[in-house]
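S.K.: Marked as transmembrane segment by TrEMBL: 30-49, 61-82, 137-158, 221-241, 263-281, 293-312, 318-340, 352-374, 380-403. The region 'Disordered' annotation in TrEMBL covers 412-433.
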Amino acid sequence: LAQSLFALFASSLAISLVFAIIPLCHNVVVLAVVMAVAGLAMGCIDTISNMQLVKIYQKDSAIFLQALHFFVGFGALLSPLIADPFLSDTNCILSNSTANASSNLPHIRKSLVPHHPGNLSHYDLPMKGMVVTRVSYAFWIMALINLPVPIAVFFLLYKERMVPCFNGSSHPLLSADELAMETRPVDKDELSTPVQRAQAAGGHSDLLSCCQSKNFRGASYTYFAVHITGALVLFMTDGIVGEYSGFVYSYAVEEPLSVVHKVAGYLPSLFWGFITLGRLISIPVSYRMKPATMVFINVVGVLITFLLLLIFSSSVVFLFVGTAALGLFLSSTFPSMLAYTEDILQYKGCATTVLVTGAGIGEMVLQLLVGSIIHDRGSYSFLVCGMIFGCLAFTFYALLVFFHRMYPKPSPELDDASPAKAAVSDDTGQYQR
């Protein structure tokens, strides 16, 4: 826990520093390095926050994972709204030709969007003069908004007496086990064998404990198959999130739809808005529905939505409806898959790293792949790619269910009369509701 909290503190503080530095970067190489640091920090936060929720809440982790990812979507929806007032509708450099250049901007934007860019040589934009953009303020505001996060993590470290210089007399917060016991009764399958309890305790001692080779000795092929198929499902679904939000605008403004640019600009916001709404709805739903069922509904919904988008590809109205539906179905896929996979693997937290990595790689690779295909084959291939990715996600989910059925069941629980079980029950009973 100490390692995780220190990593969260350093990563969240790094993000605030990065956002403050970005407007000061006047060299593309420096900007690339700064953005790489931000990516590393966000990857650490994503992995650690998911892994710790799984370890602390175990069978109840699905609800907390849905809440976590609701705020991920809410942030993605809120950030553009914060930046929007500081974006200029005219040229950002003042010169003698600014008036003509400002009138050229809509034509330049329109020429840059299609997969075959138009000739821009006859449009004039001033490259020298006084810079009047205010976009720097957006980055500095985001840096300030994020600053309470590392402060809160440091406060948690202080309350847990994990800061070497600040070992005060304050009472520490509840331990992870006590916190988990507050939210659920003791289940029989949680108290299996002394060996399993020892393995579980060892898994909490080190962030890299699940990477040790001793944990893989004697593991069946289904153990690795569950990790791989779960990561592949998220590779596809998170890849769809990335490629759809990145290219739906370009698809909408081209023929046959030819949506007005300002109207097409609402599509990514609509998509992220319904992702956020879906994650909010999933918080109470996950309390009643199993994660496996939620993932099934998600992947089937994505598949059907892309099929309908292909059938009604000439309808602007259905493009908006389909975008909203796709956001709803994709919204809870990641947290539900995480809860489902960790449930199969007895909440060791190791699957979280594999799944987060698979999702991140998918979001990066599929955007590059779809971008190159749209460039060569045209905008219609955007929906075809989505349909193919949806089919692959459903196929990998079916394989995951198959390997789940073949995965060895946990060992029988301790006998009720066992002294060890009685001691555990006595120690944890006070935290039950």
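Here the Cβ of each residue, glycine as well, is placed from N, Cα and C on the backbone.
Since we're looking at a predicted model, the values are computed, not measured.
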S.K.: If I count Cβ-Cβ pairs under 8 A between the transmembrane segment (352-374) and each of 263-281, 293-312, 380-403, which range comes out on top?
M.R.: 380-403
S.K.: Any contact between the transmembrane segment (318-340) and the transmembrane segment (30-49), i.e. 3 or more CB pairs below 8 Å with pairs at least 6 residues apart?
M.R.: no
S.K.: Among the recorded stretches 221-241, 263-281, 380-403, which has the greatest number of Cβ pairs closer than 8 Å to the transmembrane segment (61-82)?
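M.R.: Highest pair count goes to 263-281.
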S.K.: Against which stretches of its own chain does the transmembrane segment (380-403) lie, if we need a Cβ under 8 Å and a gap of at least six residues from its ends?
M.R.: 222, 225-226, 229-230, 232-233, 236-237, 239-240, 243-244, 247-248, 250-251, 292, 295-296, 299-300, 302-303, 306-307, 309-310, 313, 341, 366, 369-370, 373-374
